[in-house]
Amino acid sequence: MEQIVSVGIVDSYFKKLKENLTVDVAIVGGGPSGMVAAYYLARQGFKVSVYERKLAPGGGMWGGAMMFNEIVIQKEALPILDELNISYKHYDKDYYTLDSVHATSALIYHATQAGATFFNCTSVEDVVFLDNKVSGVVLNWAPVHREKMHVDPLVIMAKAVIDGTGHDCDIARILERKNNIQLLTASGKVEGERSLSIDEAERTTIENTKEIYPGLYVSGMASNGVSGGFRMGPIFGGMLLSGKKVANLIADNLNK
Ligand SMILES: Cc1cc2nc3c(=O)[nH]c(=O)nc-3n(C[C@H](O)[C@H](O)[C@H](O)COP(=O)(O)OP(=O)(O)OC[C@H]3O[C@@H](n4cnc5c(N)ncnc54)[C@H](O)[C@@H]3O)c2cc1C
């Protein structure tokens with residue numbers, strides 16, 4: 001019995017890892033935008049993996065605002081909630097509230113159910129850069145990365161990579177810092193996020209969701225961080241819509 005349990009875990013984990021050494025889309029960050037992108041891409045039949053350095057995917061969604069676990073969403077994002085069967089209540093004007101634990105767990109469920117594979121406790125520490133194109137990600141266990149242990153990473157090849165790492169826009173920063181390249185931003189560099197302006201930021205989160213370098217796309221707060229958009233305060237519709245937009249962009253490009 002003891003051996004069956006251990007062998008079962010090891011066999012099935014390594015099968016999963018081996019099957020995902022080459023994917024269509026590698027998503028860095030299991031926040032709301034990354035998970036929505038994972039759902040829409042996997043549902044269309046793309047091979048999708050999500051790398052999340054924390055134990056649980058969900059990013060900044062679990063805690064609502066200041067740990068009040070309710071989320072506000074504007075009406076433009078309701079079709080996504082309806083599609084994923086996520087419950088919400090009308091609050092005022094065009095705004096709705098939902099329970100953040102219900103909504104976050106639903107995103108995880110639907111992304112995995114659609115076929116996306118999640119690797120939690122896993123940090124992306126670099127990209128694969130071939131022929132002036134982002135062609136994959138470089139992985140390590142999150143504790144190895146955090147402790148700065150002297151352990152080499154593994155490599156995953158991907159046709160497209162999404163930087164969904166939130167405010168840090170980790171992947172875009174690494175690409176720019178290491179490769180002397182110009183990103184598709186005003187200065188060609190990571191512009192850095194601006195202060196809070198809710199309406200403006202919700203709009204620009206979606207506008208700034210794009211391919212910022214061949215092979216590298218940005219979603220969610222990383223979009224605003226890269227392009228110098230405002231932060232928006234605790235409203236999450238832009239994150240969901242950004243995830244759907246980046247999925248559509250990638251699907252169009254990969255289907256060409
Ligand atoms: C300091 C702070 C300020 C915030 N301010 C705002 C705000 O102004 N407005 C607002 O709407 N929300 C804010 N939030 C809440 C929340 O982060 C976002 O609204 C929303 O969750 C962003 O969604 P996202 O999809 O961009 O990714 P996030 O929810 O930010 O998730 C990103 C995920 O990527 C993971 N990750 C990061 N780097 C790596 C890596 N290298 N490898 C693997 N995984 C990685 C993280 O662990 C995280 O789970 C804030 C959060 C924090 C922590």
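Yeah, the Cβs are placed from backbone N, Cα and C, and that goes for glycine too.
In TrEMBL, annotation is done automatically, which means it is predicted and not curated.
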Among G45, G60, G228 - the residue TrEMBL places in the same NAD(+) site as S33, E52, R53, V124, H150, V151, D152, M221: G60
Shortest C-alpha distance to V124 (NAD(+) binding site) - which of the binding-site residues D152, H167, R231: D152
From D152, H167, R231: binding-site residues whose CA lies within 10 A of M221 (NAD(+) binding site): H167, R231
Tertiary neighbours of S33 (NAD(+) binding site) (same chain, Cβ under 8 Å, six or more apart): G164, T209, S219, G220, M221, A222, M239, L240, S242, G243, V246
CB within-chain contacts under 8 A for R231 (glycine binding site), separation at least 6: H167, E193, R194, S195, L196, S197, A201, M221, N224
